[in-house]
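Copied over from TrEMBL, here are the features:
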REGION    1-37  region 'Disordered'
COMPBIAS  13-33  compositional bias 'Low complexity'
TRANSMEM  44-69  transmembrane segment
TRANSMEM  99-118  transmembrane segment
TRANSMEM  125-143  transmembrane segment
ACT_SITE  159  active site
TRANSMEM  163-189  transmembrane segment
ACT_SITE  173  active site
REGION    199-230  region 'Disordered'
COMPBIAS  210-230  compositional bias 'Polar residues'
């Protein structure tokens, strides 16, 4: 009778080993978790620092250009190849789309709003740098369009850098173009906005998801081996 009681107690005793869970932890897949990924606030901070740096540099150089360069009197830096030439531009970067100032202003507002709206999802330092350049440049020219003559949403952008045959530009123009080129390169090489990388339409690979699926399969196998003992 004592042996039966001992056997019964052993059989009813709960196992001290935790049962593996088939559901992956949020930390296993940073692409699916925003608050659980400590790198996202850092990516947002990088974007902000780059954007502010570009904006400050653009504003300061424009103020200096307006104060020191006379219209129609270019300042030679490297002969006739590189000069500082003050130009009021009503178009887009590099004097394109002249005459559509208010449309360009609305586009710039949409770009700024879109970058700010989705910046919390950033998981890639390279995307943060590229978007920071675009955001800072867009803000720099947007300030000109809002506050400079002839009026709000129609203001002319200050351009002052002339290199050879290339249209006159400013710091903001350079930042927007460099940032946009960088983002195109990242997209072509499969670097995603959230920090993952995909190889193609059929064999896209998400390292975080692969690790999560591997852990899930391991947990299922362990559960199957322990099933007869339950």
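Glycine too: its Cβ is placed from the backbone N, Cα and C atoms.
Tertiary proximity for the transmembrane segment (44-69) is limited to same-chain residues at least six positions away from its ends with a CB under 8 Å from its CB atoms, namely 75, 84-86, 115, 119-120, 122, 125, 128-129, 131-133, 135-137, 139-141, 143-144, 158, 160, 170-172, 175. Of the recorded residues, residue 159 (active site) and residue 173 (active site) place their C-alpha atoms 9 Å from one another.
DSSP assigns residue 173 (active site) to a helix.
Residues 47, 90-92, 131, 134-135, 138-139, 141-142, 145-146, 153-156, 193 of the same chain sit 6 or more residues outside the transmembrane segment (99-118) yet have a Cβ under 8 Å from a Cβ within it.
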